[in-house]
Amino acid sequence: MLLGVNIDHIAVLREARKVNDPDLLEAAFLSANLADQITIHVREDRRHANEKDLENILKYCKCVVNLECSIDMIEYALKYKPSRVTLVPEKRQELTTEGGLNLNNDKLQEVILKLKQEQIEVSLFIDPNLEDIEKSSLLKADFIELHTGLYANIYNALYTNINQTSYALPELILSKNELKKLLENELQRLRQSASLAKSLNLNVAAGHGLNYKNVKNIVDILEIKELNIGQSIVARSVFVGLEKAILEMRALIKR
């Protein structure tokens, strides 16, 4: 199974103090030697990574780069030409991407065409539902990336102590039996979505909220060929170093 390391959270540490440390390019070099691709999200407000980071990584780091960006940031994708662009929704007030892309956006078809004309692979970050899979195929995307955020949130509510903390999600303060049912339902949505996507000749990736404990259920969905993981790897690296954190995740997703 392929691993994309999202290095945005290295930039989060850098921006916490507004200095040039830790060096995002150093993290990219290390990740490129251990993972199959680097994923970087350049947001409209540049709160974490910025276009200079993207430019440097593409210039000096000879690996596959997956740029996450909103439709409104597409000019930078066309300028710098990463290997792949994953189109994601974006809200200025969100801490992290909260849901899948709205595929009913009138601009989407034109944006996809422009990217493909520049030989850039196109991935759509979508919620796991069959309607969006079919639309992604009609839009002629190369990849879909299934949003695993709801799965990860339910897993955390069921198997960690998060519901006893200030980070609890009110809608997931439920009994264990209720959470188990929700978890299985979400896994079934992911399985069905991945199966349909593969049957429509879409490459299938997944990501958001995946960590060292919850990733196994996603690895077991054989139609998913790639995972993009960031926050949990960077969090683990605080204790064991980035190299070991990536290698530990690689071991968990090996088939």
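Here the Cβ of each residue, glycine as well, is placed from N, Cα and C on the backbone.
These numbers come from a predicted model, not from an experiment.
Some features that Swiss-Prot has for this protein:
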ACT_SITE  H41  active site, proton acceptor
ACT_SITE  E68  active site, proton acceptor
ACT_SITE  H208  active site, proton donor
BINDING   N6, R17, G209, G230, Q231  3-amino-2-oxopropyl phosphate binding site
BINDING   D8, H9, R43, H48, T96  1-deoxy-D-xylulose 5-phosphate binding site
SITE      E145  site 'Transition state stabilizer'
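Summarising the environment of G209 (3-amino-2-oxopropyl phosphate binding site), the number of other Cβ atoms within 10 Å of its Cβ, over all protein chains shown, is 20. Taking every pair among N6, R17, G209, G230, Q231, the residues listed as contacting 3-amino-2-oxopropyl phosphate, the largest Cα to Cα separation comes to 25 Å. With respect to their backbone Cα atoms, G209 (3-amino-2-oxopropyl phosphate binding site) and H9 (1-deoxy-D-xylulose 5-phosphate binding site) stand 13 Å from each other.
Within 10 Å of the C-beta atom of Q231 (3-amino-2-oxopropyl phosphate binding site) sit 16 other C-beta atoms, taking all shown protein chains into account. In this structure, the C-alpha atom of H9 (1-deoxy-D-xylulose 5-phosphate binding site) lies 10 angstrom from that of H41 (active site, proton acceptor).
With every protein chain in view, the residue among the recorded positions N6, D8, H48, E68, G230 whose Cβ has the most Cβ partners within 10 Å turns out to be E68. The recorded positions listed here (D8, R43, E68, E145, H208) include D8, H208 as those with a Cα within 10 A of the Cα of Q231 (3-amino-2-oxopropyl phosphate binding site). In this structure, of the recorded positions H41, R43, the smallest number of CB atoms within 10 A of the CB marks R43.
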